[in-house]
């Protein structure tokens with residue numbers, strides 16, 4: 001995982017970074033007591049430097065976290081009207097994970113009990129299992145259509161259910177509760193052949209034959225919500241309130257409501273009711289109870305009550321602990337993916353990614369390699385990797401999704417467009433901008449062929465952004481002007497296109513024209529701020545817009561305005577919990593700008609808050625955290641807090657050594673900083689050890705690092721001559 005983000009921080013040599021190279025850095029020298037230098041391709045200007053930043057362009061790179069590459073690239077196509085592009089909606093809004101997850105022959109309810117009939121069994125097989133986690137509202141998956149052909153006649157199901165309900169079911173319930181035999185192979189505890197009587201075993205075999213026959217003949221039609229409601233009502237008036245069949249139908253009905261996009265309160269009540277009944281049979285029905293907790297969690301998730309969703313999902317995980325086999329795999333998959341969504345909603349992307357990966361690994365053991373649902377989830381997990389800037393891993397997964405989609409649909413499908421759109425984002429992160437541009441052009445072509453003209457215009461903005469990165473400014477300006485001519489004056493997309501136009505003009509040296517465009521965009525985004533909240537569709541665009549504008553004002557040398565706009569961006573991102581990482585990026589950039597303009601004391605709180613946010617969202621081992629820690633350490637050196645600085649540099653060194661490698665430029669920069677701080681703290685043995693490490697790593701790099709090696713050798717020799725005596 002480590003190497004995948006290496007290029008990403010260097011990839012954005014943005015307007016902010018170029019501005020710094022052009023003059024901010026030199027200006028910063030004149031306003032501070034100590035001289036700072038940066039570790040570039042070589043270690044120039046080593047002599048006389050008190051400490052080192054990893055690279056001056058890191059000032060601009062925090063825009064990466066604030067949304068530059070990921071959301072800037074994904075925003076353009078929005079929902080493609082009928083299809084959602086990765087990144088255009090929050091990752092926690094995904095649904096439809098188990099539609100099509102199961103093979104038609106898979107039947108986790110493939111048992112009967114003392115109060116199950118053949119038709120009830122078949123109903124269970126073709127409903128609760130196949131509708132365990134439903135599709136997007138209004139959408140019908142391939143497997144759902146298939147399950148309609150496999151279903152049994154509703155009239156038969158109702159007749160058999162009511163026939164059983166007329167019997168004294170309380171005795172049946174008590175008999176099940178009293179069973180001490182092993183849990184059945186499906187883990188629900190309804191019973192296995194081992195603890196059935198000969199008569200019951202015969203019924204089981206007959207039910208299985210009947211079910212297989214129904215699958216082959218495709219008789220009947222799917223069970224509808226209305227019929228489920230009627231069955232539930234009739235069972236409620238005819239039987240025991242704790243009849244397990246009530247729980248079965250309540251669970252299925254809740255899943256259907258969820259799939260249909262009904263109010264979450266509606267399917268929440270059915271999930272809670274089914275759960276209560278299933279729990280009365282504990283420890284049996286573990287898989288079914290876990291399904292209920294998943295349904296309950298889904299309802300809370302849609303209601304925005306993510307803490308309650310997390311509580312239900314943890315209960316489901318506890319039930320599924322140590323459970324193995326195909327009977328539990330679909331439930332495990334759904335629970336882990338919803339956990340990923342819920343944690344992402346809290347902004348905990350590292351933890352979310354773990355659960356996405358676990359869920360995907362479960363799904364890979366169940367589905368055929370070319371299954372469409374697997375392709376969908378390859379893409380989503382690839383998107384999650386992109387969110388945390390692990391682009392190599394993301395690329396591998398999205399390429400798998402693309403391969404499956406091309407085999408299923410041929411060339412030019414909407415799924416291909418979505419996959420390639422995300423690939424373009426990934427290539428941008430990997431600094432392979434030509435490949436990113438190729439992917440964007442293919443996406444634009446597909447959209448035009450399918451008469452998605454408006455969405456193709458949105459993609460044109462992303463094309464222009466890549467052209468700016470490639471310094472093809474005239475092409476970018478032409479693309480943007482064409483796109484803007486087809487957009488409404490008051491749209492957020494037009495405002496973002498205006499920002500990109502300003503960026504292109506600024507990089508051409510036409511700063512007056514660029515600032516004129518910036519002024520227009522700033523007014524638009526400030527107006528949007530008046531009634532902005534987390535649910536506002538323009539929230540992310542506004543936050544990103546402020547971040548991009550700040551970079552242009554940096555380039556123009558208007559640092560106070562740049563800082564003001566970054567603070568506005570932080571204000572927006574903090575309204576969106578899952579954008580905690582974006583807030584961290586903007587805060588880091590504020591801290592760097594304050595630092596480079598001599599306001600070190602003001603810079604430190606912003607850097608500290610950025611580091612805390614990155615720990616929460618990306619974990620304690622992400623390279624972005626290491627870069628913030630290094631800059632924070634430099635700030636503490638400026639304030640003579642040397643012990644604090646040493647601790648920060650040491651933590652940064654540990655992270656970067658693992659993620660970037662011991663000899664990579666950013667890692668060596670931290671070693672340089674440690675040499676200086678250790679020397680001033682009179683920790684000479686540690687200073688010499690770090691200096692030796694630098695020399696050793698630069699020796700491996702050959703001619704490209706010749707000048708840097710010469711300086712490092714002089715540094716080591718000086719240290720050993722002055723302080724080497726008695727050091728082993």
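Numbering starts at 1 and runs along the chain as it is shown here.
Cβ coordinates are placed from backbone N, Cα and C, and glycine is handled just like the others.
As stated in TrEMBL, the feature region 'Disordered' covers range 164-193 out of the listed 164-193, 194-223, 224-253, 254-283. In the repeat 'TPR' (543-576), helix, strand and coil residues by DSSP number 28 helix, 0 strand, 6 coil. The average pLDDT the prediction assigns to the repeat 'TPR' (543-576) is 94.
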